[in-house]
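First comes the structure, then the notes that go with it.
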Amino acid sequence: VLQSSNSLKASYEDWLLTYGLSVSPFHLRWQTALFNHQFYNWGRWKPKFLYLWFSVGMVFGIVAMFGSVILLGKTLLQTLTQMLTEAPKAQNDRMLQVVVSVPSSCLCLRTVMICFCTSCFPPVFCLLSCPHQQVPGVNLPISQLTYFFSAILISGVIHEVGHGVAAIREQVRFNGFGIFIFIVYPGAFVDLFTTHLQLISPVQQLRIFCAGVWHNFVLGVASFMVLFLLPAILFPFYYTGVGALVTEVAEDSPANGPRGLFVGDLVTNLQDCPVYNVEDWNSCLGDISEKSQVGYCVSAATLQQLSFPARVYRRLDGTVECCSNNSLTDICFSYSNKLDSHLYACLPARKVIEASKVCRTNMDCHKDFVPSFCVTPSLENQTRLIRVKHPPHIDMLYVGHPMHLQYTVSLSSFVPRQNFLSIDLPVVIETFCKYLISLSGALAVINAVPCFALDGQWILNSFLEATLSSLIVEKQNRELVGFLILLAGSALLAANVALGLWMVTAR
C-alpha cells in the first residue's frame, strides 16, 4: 500500500511539473513558456522607443517611491492627530485612509479612485477602512465579482508584462510567465534569470523594477481616458445629457411598484433639481439629504378644500403627525399664516404636489394676488418627500431616506439611439474602467512603497547602488543603508495599517 501511495504521489508530481502547475495551501500557481516568443517580440520591438519608454517609467517609479513615503507619513500624522483630538473629524475628511494588506494592500484617497474613495470604489484589498468600501463576501454585490476579479487579473498581468518586456530589453533572460490564485485573488508573475539580473547595471535594473509600477499607472490613465471620452466614443449609438436612464430597480427598493420607476424610464428632475446624467442624480439626492424638506405652494382655497380634521400628535423624534388613518395617499403638512406659525393639515399628497411649485417660505408663493401658503411635509428626521419626474409617466412620489433611493436604483447617463441597442453596454464599459482605474492604480501606489517584498524594495536597492556608489564605497555599508530605509518603510506601512484598523474597530 505504501509503495502504491508513493507511486501515485510521484505520478501526480510529474503531472503537475509537466503542465507547470504548483499547488500548496491557499495557493495555486501555473507557469508556462508558451508566451516566451511573444515576450521576446515585444522586448525587441523598436529598441529606441522602449529605451525611452522604460526610462520615463524609471523616473516615475523613483518619484512614486518617494511620494509613497510622504503620503504614508502624512497619513500617519493625520491618524495620530485624530486619535489625540477629543472631537475627531469625520472619517471622510481625511485625505488618506489606510487599509489592510493581505496578500497586498492599497491606499484609499478621498477623491481619486485607487481604492481611492469615490465610494472607495471596489478596492481589491481595502477591507476595513473606507465607509463605502466594497469587499467580496462583505458588501460587494455578486454582480460585481466578474469586474472585480477580471480587473485584478488584468492589472497583475499588465504589471508583470512591464517587468518581462523591460527585462528582455535589457538583455536579461526570460524564463516564463505565469498566473496564480491566492485564496480567491488572482495575480501574475514572470520568471527572470537571476544571474543576468545581477550582472546588469543599477540603472538597467531600475528600468526593470520600475516597469511594473509604470505599466499599472499607464493602464490606470488609459482606463481614465476611455471613461472620460466614453460619451464621444459611443456617440454614434448613444446620446447623453437628457437625463438618467433607469437600468435596474432592486426588488426591495421603495421605488419599485406601479407608481414607481421601471427599467427604461428617463429621470429628468428630482424636486426642482434638474437631472441630465447620473452625476446630477447623485448630486441632487445629496443636496436633498443635506437640506431641509422643501415645501409646495398651495392656494388658501385649495388648502381649505383638501384638508380634513385630524388629531395632531408628536412622534418620538419630536416631529408632528396629523394623519391618523394610516393612509398611503395622505401626508401631514405644516404651514404658517400671519397669526399662527404652527398649523398642520392632513392632505392628499399627489393632489397637493402635482402642478405646484416648490417653496421655502410663503413669500415664494405670492403670485397674482392669490392667497397661498407654503405647505411642508411633516416627516420624521432624515425622511424626505421627493417628487421624481420621469416623463411621459406620472411623477413618482417617494417618501423615505434619499440614500435608500440612491442605493436601490441603478442608472446610466447613456440613452440608446435605437431600440435594439443594449442599455447595459455603456454601464459595463463604465464600471469596468472604474475597476481598472481603482485596482491598477492601487497596485502602482502600493508597490512603490520601499517595503520588504514589494517592488519598492528592489527599486530602492538599485537606486542606492546607482546614486551612492561613489559616496559610500563599501557595498556592505550601502546595503545597510538600504536595509534601514526598508525597515523604516515597512514600519511606516505597518503602523498605518495597524492604526487604521484600530481607528475603525474602536469607533
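Each residue, glycine too, has its Cβ placed from N, Cα and C.
Quick caveat, the model's predicted, so the values are computed rather than measured.
Database features, via TrEMBL:
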TRANSMEM  50-77  transmembrane segment
TRANSMEM  145-162  transmembrane segment
DOMAIN    147-487  domain 'Peptidase M50'
TRANSMEM  174-193  transmembrane segment
TRANSMEM  213-235  transmembrane segment
TRANSMEM  435-460  transmembrane segment
TRANSMEM  480-504  transmembrane segment
| request: Could you name the stretch, out of 50-77, 213-235, 480-504, with the greatest number of CB pairs under 8 A to the transmembrane segment (145-162)? | output: 213-235
| field | Paired segments the transmembrane segment (213-235) and the transmembrane segment (480-504) in contact, 3+ CB pairs under 8 A | value | no
| task | Please work out which recorded stretch in 50-77, 174-193, 480-504 has the most C-beta pairs separated by under 8 angstroms from the transmembrane segment (435-460)? | result | 50-77
| task | Go through the chain and flag residues at least 6 beyond the ends of the transmembrane segment (174-193) whose CB is under 8 A from any CB in it; none is fine as an answer. | result | 20, 26-33, 35-36, 39-40, 43, 103, 124-125, 136, 149, 152-153, 156-157, 159-161, 163-164, 167-168, 208
| task | Over the domain 'Peptidase M50' (147-487), work out the mean pLDDT and round it to an integer. | result | 91
